[in-house]
Amino acid sequence: MYIAREASKVWRKVTAEISVELQLLRDKWGLLLAGLVFQYIHGLAARGVHYLHRPGPLLQDLGFMALPELGQDKGYLSESIFSSIFISFVLWTFHPFIYHNKRFYTVLIWRRVLAFLVASQFLRIITFYSTQLPGPNYHCREGSKLATLPPPNSVLEVLLINFPRGVLFGCGDLIFSSHMIFTLVFVRTYHKYGSKRFIKFLAWFMAIVQSLLIIASRKHYSVDVVVAWYTVNLVVFFVDSKLPEMPDRTSGLPLLPLSSKEKEGWQKEEKDTKLKDEFHKLLNGNHGDPTDRRQRAQMNGRHDEDINHALSEATANGA
């Protein structure tokens with residue numbers, strides 16, 4: 001019975017949150033759809049530059065000199081960290097559907113995230129089409145069959161981008177790292193809207209570790225990672241300043257249905273807060289200047305002394 005009761009509460013929260021998010025989705029669907037469509041355009045551009053890629057000797061790189069090469073069999077390490085960051089962030093953005101305490105709307109935060117991604121990916125497309133560097137990854141080196149692509153037989157072959165193989169084994173889309181775009185956008189978003197200080201620290205630490213593993217795995221040159229760090233941070237800072245600030249859900253009337261106990265507690269807390277505010281207004285007036293309050297206190301003190309003096313004189317005369 002306890003499990004059934006708690007499950008019904010969770011279900012009520014989920015259905016209530018769905019109704020709220022659907023209302024937002026009806027208003028904001030255009031920008032969300034545009035952001036999702038651009039993810040395909042970005043993949044299409046990365047596939048297109050593979051046709052232009054020409055393998056060659058590895059470029060001189062300080063990161064390659066400083067970090068030992070992990071080898072092809074350990075390339076999964078950076079992907080594992082990226083996957084954990086990606087999945088954790090996606091789950092976190094949907095936590096308002098389950099938890100009562102929340103700070104944002106899922107639709108609005110993804111609208112913001114997609115805006116950051118699109119701006120960064122647009123700059124990335126311009127950059128890697130401007131100059132094609134020989135890929136440092138193992139399947140992009142000289143002698144690999146995947147390093148170059150034959151001319152496409154049809155437009156459909158290009159549009160389908162050979163998913164997912166074409167995404168996993170792409171070459172030529174180097175400056176700057178797409179993995180770091182997603183990672184930094186997710187980490188910065190949680191840093192602003194998340195509530196756990198330890199998780200914020202852990203997220204930044206994992207972003208640094210992933211950067212080093214990408215270079216050690218020879219998936220990117222160091223310049224691809226370095227450019228991503230300052231470009232994405234600047235893009236997020238600029239775009240975030242232009243977007244309207246999201247409403248804070250930590251204040252105001254809860255949107256989700258509460259149990260009778262939670263509702264009584266919330267109403268009592270609201271009532272106590274209002275009573276305290278009214279009490280302070282009665283004592284201090286409508287202004288919050290401490291100087292005025294001190295002056296009023298002194299005047300009230302002198303007024304009380306005058307009253308007491310008058311009462312004592314009246315008592316003496318009566319006697």
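Backbone N, Cα and C atoms are what each Cβ position is placed from, and that goes for glycine too.
TrEMBL entries are annotated by machine, without manual review.
Keep in mind the model is a prediction, meaning the values are calculated, not measured.
Residues or ranges marked as transmembrane segment by TrEMBL: 29-49 (among others).
Positions annotated as transmembrane segment by TrEMBL: 80-98 (among others).
If you look up TrEMBL, you'll see 110-129 (among others) marked as transmembrane segment.
Among the features that TrEMBL reports, transmembrane segment is placed at 166-186 (among others). Outside the transmembrane segment (166-186) by six or more residues, the chain places 42-43, 45-47, 49-50, 52-53, 55, 78, 82, 85-86, 89, 113, 116-117, 120-121, 124, 127-128, 131-133, 135, 137, 139-140, 146-148, 203, 206-207, 210-211, 214, 220-221, 223-225, 227-229, 231-233, 236 with a CB less than 8 A from a CB of the stretch.
For 170-238, the entry in TrEMBL reads domain 'Sphingomyelin synthase-like'.
According to TrEMBL, the feature transmembrane segment maps to 198-215 (among others).
Annotated transmembrane segment per TrEMBL: 221-239 (among others), in sequence order.
Annotated region 'Disordered' per TrEMBL: 277-319, in sequence order.
Per TrEMBL, the feature compositional bias 'Basic and acidic residues' maps to 289-308.
Counting Cβ pairs closer than 8 Å and at least 6 residues apart in sequence, the transmembrane segment (221-239) and the transmembrane segment (110-129) reach three or more and so form a contact.
Per-residue pLDDT, averaged over the domain 'Sphingomyelin synthase-like' (170-238), rounds to 96. Here the transmembrane segment (198-215) has Cβ contacts under 8 Å with residues 61, 63-64, 67, 70, 77-78, 81-82, 84-85, 177, 179-180, 183-184, 186-187, 190-191, 221-222, 224-225, 229 of the same chain, all six or more residues outside its ends. Each residue in the domain 'Sphingomyelin synthase-like' (170-238) gets a DSSP state, and the totals come to 53 helix, 0 strand, 16 coil.
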